[in-house]
Amino acid sequence: MTTSHMNGHMTEDSNTDVKNAELSEPPRHREMAVDCPGELGCRTLPVRRSAQLERIRQQQEDMRRRREEEERKQELDVNASMRLKKLSQNPKIGIDNPTFDPVEGHVHEGPSNLAKVLELDDLLSSLKHIQHSLVDSQSQEDISVVLQLVQNTDFQNAFRVHNSVAINMSKASPPFPLAANAQDLSQEVHVKAHFDYDPSDDPYVPCRELGLSFQKGDILHIISQEDPNWWQAYRDGDEDNQPLAGLVPGKSFQQQREAMKQTIEEDKEPEKSGKLWCAKKNKKKRKKVLYNANKNDDFDNEEILTYEEMALYHQPANRKRPIALIGPPNCSQNELRQRLMSNEADRFAAAVPHTTRNRRDNEVNGRDYHFVSRQVFEADVAAGKFIESGEFEKNLYGSSTDSVRQVINSSKICLLNLHTQSLKVLRSSDLKPYIIFIAPPSQERLRALLTKEGKNPKPEELRDIIEKAREMEQNYGHYFDAAIVNTDQDKAYQELLRLINKLDTEPQWVPSSWLR
């Protein structure tokens with residue numbers, strides 16, 4: 001049993017397979033900078049490629065040098081701020097403070113330099129004192145008019161607003177931006193790769209020695225997007241091990257060549273005689289409904305997946321992320337969910353579904369089902385309130401986002417078993433789900449597991465399960481946060497529990513759009 005954190009590959013838990021994989025896996029040479037080692041074959045780069053390589057190398061060295069300078073400057077700023085904080089403390093009157101030596105031309109931005117704000121009580125007291133001091137009756141009358149004005153409620157409100165504006169205007173702006181490298185930082189993002197990339201197989205990469213290989217599901221740290229076609233990046237966690245950043249295809253460039261590749265493959269497909277008109281008609285009809293993304297999974301199939309911007313998120317203690325278990329039939333995802341809720345009923349719960357069927361005698365509304373009319377159910381579906389819904393024996397059933405939210409608000413972890421077509425709706429909600437793919441083992445191991453459960457599957461049924469899992473991973477793998485190969489139900493349960501517990505102790509990568 002093996003857990004795969006969306007790296008595009010899932011293998012079974014076998015010591016022999018691991019050893020063979022270690023022996024057969026070729027070493028990666030992505031970190032080569034300029035010169036090719038002898039064992040990889042000596043070849044002389046063309047003059048143009050060598051010059052381009054030198055420019056990339058020089059650019060990365062400049063970026064590294066700027067980053068080191070910024071770190072040193074920040075450290076100096078921290079030390080300076082701590083010293084200034086001590087110096088800015090006003091010494092006691094009559095005591096000379098020899099450590100405070102103001103620099104010429106520097107104005108200390110402390111409370112003493114803020115605009116002097118006159119309080120309303122002080123103003124009233126001053127006016128009354130002046131009124132008693134005056135002997136001229138006309139002047140005393142004028143002061144009385146001013147006193148009446150000051151005691152007016154509207155004037156007092158305007159006076160307070162004036163004081164607030166004066167205080168804010170007196171605060172000097174910093175002489176330089178807080179982050180001198182703000183423009184460089186704006187281009188540094190973390191993205192999740194939705195495709196595999198091997199620079200040795202890419203004829204368009206400017207320099208194969210600098211190409212960065214990665215797999216589907218890897219997190220990449222993009223440090224430069226100056227060249228829209230070729231970004232500079234590190235694999236997350238490898239920044240300290242890689243001397244130079246590698247080149248990866250830019251998003252728009254990758255989309256363009258994938259679209260071109262798909263067009264070429266479609267043109268190469270053999271056309272069946274006598275069915276060309278029908279094929280065009282069906283294709284046109286299929287594209288017509290792509291705009292209804294919630295009801296048609298062809299919308300996902302038409303997308304060209306490249307990168308998704310990510311950010312780290314640590315779930316709050318009182319707002320747990322719902323866990324969605326996905327997998328083909330007979331992979332025990334429902335059994336795993338029931339086992340979690342039985343063993344830890346105070347921690348896990350299921351969302352109460354909605355239905356239009358009549359309530360039975362032993363059922364309680366809100367506990368077993370939310371019983372609603374067909375009209376209300378269809379209106380909620382049209383309003384997008386359901387994660388998934390369907391009809392069974394002329395009755396509608398569905399799981400709503402409000403039901404999931406009720407479990408979350410009770411500080412429990414909501415467990416869901418969903419179809420893959422529902423993942424797009426679930427992930428576009430504000431629930432921040434954690435999606436785990438339960439994959440089947442090899443055909444022989446799957447047969448043994450099902451036989452242990454009292455089932456006698458046919459060979460074609462086993463092949464269908466494995467093929468279904470492959471299609472799920474291929475079409476919806478970009479939604480998965482983790483994957484478990486269920487070679488043994490006890491081990492799969494322990495691994496599932498470990499992944500859920502990790503959400504409480506470690507921040508996880510989530511789409512950055514969730515945090516905006």
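Counting begins at 1 with the first residue displayed.
Glycine residues also receive a Cβ, built from the backbone N, Cα and C atoms like all the rest.
Range annotated as region 'Disordered' by TrEMBL, chosen from 1-41, 247-287: 1-41. For the region 'Disordered' (55-75), the DSSP-based tally of helix, strand and coil residues reads 21 helix, 0 strand, 0 coil. DSSP places the residues of the domain 'L27' (116-173) in helix, strand and coil in these numbers: 46 helix, 0 strand, 12 coil.
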